[in-house]
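Student: Okay, handing you the structure first.
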Amino acid sequence: MNKKQHHKDESTTNLKGTFIAVMILGIFILVSWFIVFGIFLSR
Amino acid sequence: MNDKVKDINKDDGKLVMAHMYVAFISLFIGGLMGVLQTMVRSGTFTLPFGIGYYQILTVHGVILALVLTTFFIVGFQFALMSKTVGMSDQQRESAWFGYWIMLFGTITTAITILVGKANVLYTFYAPLKAYPTFYIGLALVVIGSWIACFTNFRQLALWKKHHPGEKSPLLAYMVVINMLLWFIATLGLAATVLIQFIPWSLGMVDTINVLVSRTLFWYFGHPLVYFWLLPAYMAWYAIIPKIIGGKIFSDSLARLAFVLFLMFSIPVGFHHQLTEPGIDPLWKFIQVVLTFMVIIPSLLTAFSMFATFELAGRSKGYTSLFGWFKALPWKDVRFFAPMAGMITFIPAGTGGIINASHQMNQVIHNTIWVTGHFHLTVGTTVILTFFGISYWLIPSLTGRRLTKKVNTLGMIQTFVWMIGMFIMSGSMHIAGLLGAPRRSSYSEYGGSEQATEWIGYQISQAIGGSILFIGIILMVYIFFYMVFAAPKGYTEFPMAEVSENAEPTPKFLENWKLWIGITIALILFAYTVPFIDMLHHSPPGSPGFEDLIR
Amino acid sequence: MHLHKYERIWLIFGISSLVLFLVVLGVGAFYKGTQPPSHLATVDPTKVEEHEAFREENLGLRKVGENDYIVSVIASAFNYNFGKDDEGNTIRKIEIPVGSNVLFQATTTDVIHGFQLAGTNVNMMVEPGYINSLKTTFKKTGTYTLICNEYCGTGHHLMAFEVEVIDNE
Ligand SMILES: [Cu+2]
Ligand SMILES: [Cu+2]
């Protein structure tokens, strides 16, 4: 019962925008880190 | 008598305001020192009256990083505790006692710096030696803050006794975590100051173990930055949702993030000592791994924040993918200032990951990139959130209204800050990658071509710094306006509720013994072996060098 | 504790990125040997010139192999001591052929100093009682400024030296 209730909640909480936003953030971190790592290697 | 107008117990309000006065006066003095430094470094300005660059740099660091932050945080946290779990007369007395000790310590240290006997910067690395009162004052600030810690612990303990079986209020839980973190971290600072620096500066011992003192300092130094950040997170998690007309996304995830901060922000100090001799690189790497663990709660927080915004927007009927973004109250400074801080945390946090990346640290270590980095973290993310808190906290304590005028001024203040910081911190980051050092007065380094290249960036730092100083004048004006001049009335002390869709909070999150136990175990794991090594293989100690700083 | 589906994906993505960073760093450090400068040898800071590496005649640039050099430096407020040349004059500049392998080793007689060759990965702390060292290979010719990047007193910003990386024809 509890479990069922729960699944219903999940489908109603639409967090697509949040997901895209955090993924952009993640990619920003990855790119920045590898830029500085590139500087480290090139020196 | 007038308590109904105010949103918090009147006596508690006085206590909190006493902390705020110190914080905002510190902001003004520290900011002035900051802009003077950027001017000197641009090569266009010389300090008058024989004042030294390193003297104002010491004032800047001590008064902003240690005094402003500690007083604001302790004050804000008393407000949160008073609001959520209440404060007895006895607790208020002990809080005042801690306040006076901190203030006395601050003044002692400040005088020592002002008379030029402590130009050692806020990190006071041995064997540069300051006059003893510099260290004694710092020790008193720490001891005063401990009284605040134990007052907060007592407040929650008493509340729990009267509310058996209930989960503690979210904000009170967060305050107690932050104070636990602070207490455990400052034990390291207290150890080096009381056992090493004070006897040495008083001449009771001849030498000091430099590496041990640095290790104890950085054992404290990293959790220090989380002690600054966590009150900002308190506002993001538990206050901002109310301001935007939403609910807390998840009570348990908020608590989990705080528990993770407690556990992983302490055993990581070596990431500030990555290029030092005398520490085995294996242990440096172990602490780098632990440092990366402390990124995880911030990843959680990023998701929770966006989710709070999206859910609030959607509940208001904005259904498109990013429509909820428009639903946010962009014109409300109580939201806009902290939001600007949150956005800044994206580059700020990323820079932090880069800094802690073991051998990569050699690219930026002690360059002005680092200065640029923490002016984004503490100097923007944290401070803009603190300003955002002030816009409602101060008028709600003084029984006045947050007027349209203050709101507009605050919006301008936030814009000014963002622009100034973008220019200043941006040029610091670039100059740092080119090799420009931090904590250095203007120098052409004997006509070096590289140094010439840095000077252009130093001029833009002065431009950014000047814009920031305008921001500081604005903020100090807003503060005093809200204290003395704003029209009387009611201002809400916003505290959010948990979303009805959120899961119930599991009991184990309040298992204090477990969390403190793991925290201590991690500290012992990360530090025991390298610390014993340090003691075993220590070279002859260093005498003090007080002549180098005059 | 239950996590939203997207939150789980985000955490997996985020944590994997962190693991990736650590693996890259770990392979570099433990397999390729690019550990950050962490030399463990100690020295009495009042008697550094008695140490083999910092005896008068060993200071400055020394060729030790076909393509290998050692640079030994004593830092003190507010100067880097690279020794004296054949005529007895204080050395103010060194020249290193591009592509050579150089070991920098440094210590201090007084307070903590920085040792940073601006624009390179040569960046380490020099602390009393310890010898710190760092190996590097110069990939590009040019004039590099060695600067002190840790505050060491009133003359801190004047503490510098010149290193020229030259073509090796
Ligand atoms: Cu840190
Ligand atoms: Cu220096």
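Each residue, glycine too, has its Cβ placed from N, Cα and C.
Annotations for this protein, taken from TrEMBL, read as follows:
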DOMAIN    B:4-484  domain 'Cytochrome oxidase subunit I profile'
TRANSMEM  B:21-40  transmembrane segment
TRANSMEM  B:52-76  transmembrane segment
TRANSMEM  B:97-118  transmembrane segment
TRANSMEM  B:130-149  transmembrane segment
TRANSMEM  B:170-198  transmembrane segment
TRANSMEM  B:218-240  transmembrane segment
TRANSMEM  B:290-312  transmembrane segment
TRANSMEM  B:333-354  transmembrane segment
TRANSMEM  B:374-394  transmembrane segment
TRANSMEM  B:415-435  transmembrane segment
TRANSMEM  B:455-480  transmembrane segment
TRANSMEM  B:514-532  transmembrane segment
Student: Would you confirm whether the transmembrane segment (B:52-76) and the transmembrane segment (B:218-240) meet the contact rule of 3 or more C-beta pairs below 8 angstroms, pairs 6 or more apart in sequence?
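Tutor: Between the transmembrane segment (B:218-240) and the transmembrane segment (B:52-76), which are separate recorded stretches, there is contact, as judged by 3 or more close Cβ pairs.
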Student: Are the transmembrane segment (B:170-198) and the transmembrane segment (B:333-354) close enough to be called in contact, which here means at least 3 C-beta pairs under 8 A that are separated by 6 or more residues?
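Tutor: These two stretches do not touch.
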Student: Under 8 angstroms for C-beta pairs, at least 3 of them, ignoring pairs fewer than 6 apart in sequence. Is the transmembrane segment (B:415-435) in contact with the transmembrane segment (B:130-149) by that rule?
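Tutor: With fewer than 3 qualifying Cβ pairs, these stretches do not touch.
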Student: Which residues, given as numbers and ranges, are at least 6 beyond the ends of the transmembrane segment (B:290-312) yet have a Cβ under 8 Å from it?
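Tutor: Counting only partners 6 or more residues beyond its ends, the transmembrane segment (B:290-312) has Cβ contacts under 8 Å with 222, 226, 233, 236-237, 240-241, 244-250, 253-254, 256-258, 260-261, 264-265, 267-268, 271, 324-325, 327-328, 342, 345, 349, 353, 356, 499, 522, 526.
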Student: With the transmembrane segment (B:130-149) as the reference, which stretch in B:97-118, B:455-480, B:514-532 has the largest tally of C-beta pairs below 8 Å?
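Tutor: So the stretch in question is B:97-118.
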